[in-house]
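Asks: Got a structure for you, questions after.
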Amino acid sequence: MTMENFKVVNGILSPLDQFEVRNLFSLDAPVLGDLHLSVTNIGLYLTVAAMILLGLNELANNSQKIVPNNWSISIESLYATVHSIVINQINSNNGQRYLPFIYALFLFILINNLIGMVPYSFSSTAHFILTFSLSFTVVIGATILGLQKHGLKFFAFFVPAGCPLALLPLLVLIEFISYLARNVSLGLRLSANILSGHMLLNILAGFCYNIMTSGFIFFFLGLIPLMFIIAFSGLEIGIAFIQAQVFVVLTSSYIKDALDLH
């Protein structure tokens, strides 16, 4: 989201350079067939996100004091939000056992989304390979839950209620393809929203920079798009929360489908 993140390709500045995965450190070890170890920027920022999560939970712990601090109130508010999602999407009984996973997933996505809003940082959730890994794990896990609970009856999920026998093969095929598409759509929705928002901010920042460096009068004219960029940055912070919430809402919905077969 900064001018240094632009990449010149055939004389044109590319806003996609900020999403490039780069090696920060690499090591070639002459073991296990010339093992190659490397630390990339996405790996670094994922590690930073994990450390921030641990730090937030430690701050929210408040040294076991009865009176909560601001960190405790903030984390408890997020917890209450996720708890209500799980209860409403699954149910008050079976949903409790999946709450720790869904809560950790929400915080992980949210922290990575917010880290991407920091200037000169890296947005991990803008990469489809990461979001697809999360969505693929969620769908596979929900499928395993359904098979464990219902056995072969789980495949009745692909048979629509009241389906005419003549249309059964076609509708089963459509339902199966739709179920497989969950692996892609869940992760693609998250990465596409984060990617598009960062690209737009990058393009607007370059446009504003060119205006403000064109002359004294243009410097003041550039304040107009600059204010729009600031406002849009606030919107992107809101989208960071919304996309994390949407991801866990759909995750809870997929778990419910697997448990209840509807």
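The backbone N, Cα and C atoms fix where each Cβ goes, and this holds for glycine too.
TrEMBL: automatically predicted annotations, no manual curation.
Below are the features I grabbed from TrEMBL:
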type	residues	note
TRANSMEM	35-56	transmembrane segment
TRANSMEM	101-122	transmembrane segment
TRANSMEM	128-147	transmembrane segment
TRANSMEM	154-179	transmembrane segment
TRANSMEM	199-221	transmembrane segment
TRANSMEM	228-255	transmembrane segment
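How buried are these features, and what lies next to them?
Replies: Panel annotation: around the transmembrane segment (35-56), residues 21-29, 71, 75, 104, 107-108, 111-112, 115, 121-122, 124, 127, 130 of the same chain, lying at least six beyond its termini, place a Cβ under 8 Å from a Cβ of the stretch.
Same-chain residues lying 6 or more positions outside the transmembrane segment (101-122) and placing a CB less than 8 Å from one of its CB atoms are 1-2, 4-5, 18, 41-42, 44-46, 48-50, 52-53, 56, 78-79, 82-83, 85-86, 134, 138, 190, 194, 198, 233, 236-237, 239-241, 243-245, 247-248, 251-252.
Taking Cβ pairs closer than 8 Å, the transmembrane segment (154-179) reaches residues 143, 146-147, 257-258, 261-262 in its own chain, all 6 or more past its ends.
Within the chain, the transmembrane segment (228-255) has long-range Cβ neighbours (under 8 A, six or more residues past its boundaries) at 81-82, 85-86, 89-90, 95, 98, 102, 105-106, 109-110, 113-114, 116-117, 125, 134, 138-139, 142, 145, 182, 186, 189-190, 193-194, 197-198, 200-201, 204-205, 208.
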Asks: Any residues 6+ beyond the ends of the transmembrane segment (128-147) with a Cβ under 8 Å from its own?
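Replies: Here the qualifying positions are 42, 46, 105, 109, 154, 157, 182-188, 190-191, 247, 251, 254-255, 257-259, 261.
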